[in-house]
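Below is one structure, written out as structure tokens; comments come after it.
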Amino acid sequence: MALKQVSSNKCFEGFQKVFEHDSAELKCKMKFGIYLPPKAETGKCPVLYWLSGLTCTEQNFITKAGFQQAAAEHGLIVVAPDTSPRGCNIEGEDESWDFGTGAGFYVDATEDPWKTNYRMYSYIKDELPKLINANFPTDPERMSIFGHSMGGHGALILALKNPGKYKSVSAFAPICNPIQCQWGKKALGGYLGPDTSKWEAYDATQLVKSYSGSRLDILIDQGKDDQFLSAGQLLPDNFIAACTEQKIPVVFRLQQASCFCSPWLGYDHSYFFIASFINDHIKHHAKYLSV
């Protein structure tokens, strides 16, 4: 499958690149960012996949998160795909910010008119890794995944639905229980139809209740003053309760202001929050991806 390089920038002795390709799964052109650490020039490296949130493209993470230095130090290739198909000319795809363009929700749609193109789950699980492994110096046996918000939801469900595929998983402010929040109800209802039993296959809180695969040590960071946490869109308590019930290890860190008497708000849902703790997540994955 042909790759077209869109950009390349030297960064911490490695390269931050962006490529475009024709996706067979999504039936449109797709872009992804890929950071190649210095170690990639002389040998194969583990791969860490990042899934971004609502409204994002491949650009948000690679330009705002500041992960490259830690990835270079640990010898990790980091791949950041787009969040949805683009330019499919589907009626209604650009009408709202939380459904359609920029909001693929990492599911395989079953409803018209979305089912032909909106297959982000299979794109992330199968097509993209095959493309990356065929074109870059990767170790296919060492792969992990993480993400933010909608992308945190994507990372959790991909790890839970594919035991052993990913060595580790982590998330920033993930949508943990989409069948119970407005974002999830809108997206899952639109892509999968009105039968809510079908939604459960893409809900991390539901999936963890029946998980019986290899051990997963899950790391989640959540900003205390995240506006979407208080609005009931993320529901991490439901996920933590399910993990506790199943005895699945999860480290949940509620990040707040360093001083309780501070008049300023604590960490929110933005990339400022992500950049503050990204090194911890890179180290978390490096531990499980090391030889």
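Each residue, glycine too, has its Cβ placed from N, Cα and C.
From a predicted model like this one, the values you see are computed outputs, not experimental measurements.
Annotated active site, charge relay system per TrEMBL: SER149 (among others), in sequence order. For SER149 (active site, charge relay system), the same-chain residues 6+ apart in sequence whose C-beta sits under 8 angstroms from its C-beta are GLY53, LEU54, PHE172, ALA173, PRO174, ILE175, PHE228, LEU234, HIS269.
Listed in sequence order, ALA173, LEU234, TYR267, ASP268, HIS269, PHE273 are the same-chain residues six or more apart from ASP226 (active site, charge relay system) with CB atoms under 8 A from its CB. Among the features that TrEMBL reports, active site, charge relay system is placed at ASP226 (among others).
Taken from TrEMBL, the feature active site, charge relay system covers HIS269 (among others).
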Students should find that the Cβ of HIS269 (active site, charge relay system) has, within 10 Å, a number of other Cβ atoms equal to 21
